[in-house]
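Enquirer: Just dropping this structure here.
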Ligand code: ADP
Ligand code: ASP
Ligand code: MG
């Protein structure tokens, strides 16, 4: 069974931050009968509060205070509902379960408990949003994403199990889609034992794309706080402008290299199933947005500039390396064993430098004394942080004449710690000091787009 023209719509944190924002989203859903599955993030600010509860040792009163702040955000919405009593019982039991976990003695030491706690953001917002939709006349039902979004058991960064998600969605979700609109949680899933997992920060975009794939949707809409994907983060420069169209490859590169508007893995399901992805503003839907499609009308050499902050660079050095066979293998085996993933690599005769992406400062924990000692057993190791990665995304960059000259003309005055170019026709990356990255992005933007 398939639903013709099926659309999945995802609404991010600011889009479900309060009652007024939720009402805008409800209108978008009501206007498109093809939207049968709605994925929501936690209300803006809630996940950050939950992360601080999960990762910091706090006093009893600090925990209570943080819980109050979360409740304040959610009650502001409840208080605007016409019939709040419809959900009082469910919301109260969610609050109670969240509180029990927040005070759990082992919380900061157990990743499974952390994920359970983080899941409450989306569970509360989806419950509230279902009610707002009903008030707007939409036949909506709250659906627990954990019934279909099967993942492995890597808490905090769980990997989806595509086949299983497809099987479960076809069984429990698809047959019901003609009847009503389902409102489900982004970001969360469950492993084989039924334990709650999360997909990593910003993971709701990924959830939407995964459900679009599993349900054979024709489109997936990402409704957020910007009117599309821009030439660069509009928070960096006012000169950034929205792009009407992007290719899957370009969007995947942008997401991977730090354009926060899309979770890095969002394009994977879209690519596999040729699902067009729309990005637009839930506050200003009339302004249109960006369509991300397999083939674009044009393939410019420069499409956008992205920045990924807080990169860590590791340099391993040994005078013996010149002839040492297996040196790199030894280094990367240790890195892989500690679940660190290498991003950029440069080599010289006696040294190898590589960068590690550092989502939510997670590298510090894994690049710990144990990892470093294992490396120091056979080489000298220098770890440097305070770097950002700036990437120009485009097409055929390695073969188009003059591309690198133009780019280098605008970054020439800065200290470039590492340059990566040529491995992929879609990007050129620079590792630069964090204090320089804003100026570098602005300068590149002026040269390439203004
Ligand atoms: P949501 O909560 O809706 O998922 P996010 O904050 O995760 O929203 O993503 C939207 C933000 O992404 C924008 O406010 C913008 O600052 C940032 N962003 C970064 N790069 C880009 C880009 N190239 N185009 C548009 N927005 C971008
Ligand atoms: N609520 C989660 C976060 O803040 C997931 C998301 O918003 O996409 O990271
Ligand atoms: Mg996001």
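Residue numbers in this text run from 1 along the chain shown.
From the backbone N, Cα and C atoms, a Cβ is placed for every residue, glycine too.
Feature annotation from TrEMBL assigns domain 'Aspartate/glutamate/uridylate kinase' to 7-280. Taken from TrEMBL, the feature ATP binding site covers 10, 11, 12, 13, 224, 225, 235, 260, 261. Residues or ranges marked as substrate binding site by TrEMBL: 47, 122. The domain 'Aspartokinase ACT' annotation in TrEMBL covers 390-447.
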Enquirer: Taking just the CA atoms, what is the gap between residue 235 (ATP binding site) and residue 122 (substrate binding site) in Å?
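Expert: That comes out at 26 Å between the alpha carbons.
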Enquirer: Go through 10, 235, our binding-site residues, and report the one whose Cβ sees the most other Cβ atoms within 10 Å.
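Expert: By the 10 Å Cβ neighbour count, 10 comes out on top.
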Enquirer: Checking the binding-site residues 12, 47, 122: which ones have Cβ within under 6 Å of ligand 3?
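Expert: Among the binding-site residues listed, those whose Cβ sits under 6 Å from ligand 3 are 12.
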Enquirer: Which binding-site residues from the list 10, 224, 235, 261 come close to ligand 2, meaning a Cβ under 6 Å from one of its atoms?
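Expert: Those binding-site residues that pass the cut-off are none, since no Cβ is under 6 Å from ligand 2.
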Enquirer: Write out the long-range same-chain contacts of residue 261 (ATP binding site), meaning residues 6 or more apart in sequence whose Cβ is under 8 Å from its Cβ.
Expert: 222, 224, 226, 229, 230, 255, 279
Enquirer: Please classify the secondary structure at residue 12 (ATP binding site) using three-state DSSP.
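Expert: SS state of residue 12 (ATP binding site) = coil.
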Enquirer: Return the members of 10, 47, 224, 235 (the binding-site residues) with CB less than 6 angstroms from at least one atom of ligand 1, or none.
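Expert: From 10, 47, 224, 235, counting a Cβ under 6 Å from ligand 1 as near, the near ones are 224, 235.
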Enquirer: Name, in the order they occur in the sequence, the residues of the same chain whose CB lies under 8 A from the CB of residue 122 (substrate binding site) and which sit 6 or more residues away.
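Expert: When sequence neighbours closer than 6 are ignored, residue 122 (substrate binding site) has 40, 41, 42, 145, 185, 186, 187, 188, 204 within Cβ distance under 8 Å.
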Enquirer: Which of the three DSSP states, helix, strand or coil, fits residue 122 (substrate binding site)?
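Expert: Its secondary structure by DSSP: helix.
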Enquirer: Could you tell me which three-state DSSP class residue 224 (ATP binding site) falls into?
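Expert: DSSP assigns residue 224 (ATP binding site) to strand.
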Enquirer: Could you tell me the C-alpha distance between residue 10 (ATP binding site) and residue 47 (substrate binding site) in angstrom, no decimals?
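Expert: With distance taken Cα to Cα, residue 47 (substrate binding site) is 17 Å from residue 10 (ATP binding site).
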Enquirer: If one looks at the chain holding residue 47 (substrate binding site), which residues at least 6 apart in sequence have a CB under 8 angstroms from its CB?
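Expert: Residue 47 (substrate binding site) has long-range Cβ partners 13, 41, 118, 121, 187, 201.
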Enquirer: Sort residue 47 (substrate binding site) into helix, strand or coil using the DSSP assignment.
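Expert: In the DSSP reduction, residue 47 (substrate binding site) maps to helix.
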Enquirer: What are the helix, strand and coil residue counts for the domain 'Aspartokinase ACT' (390-447) according to DSSP?
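Expert: Counting residues per DSSP class in the domain 'Aspartokinase ACT' (390-447), I get 20 helix, 17 strand, 21 coil.
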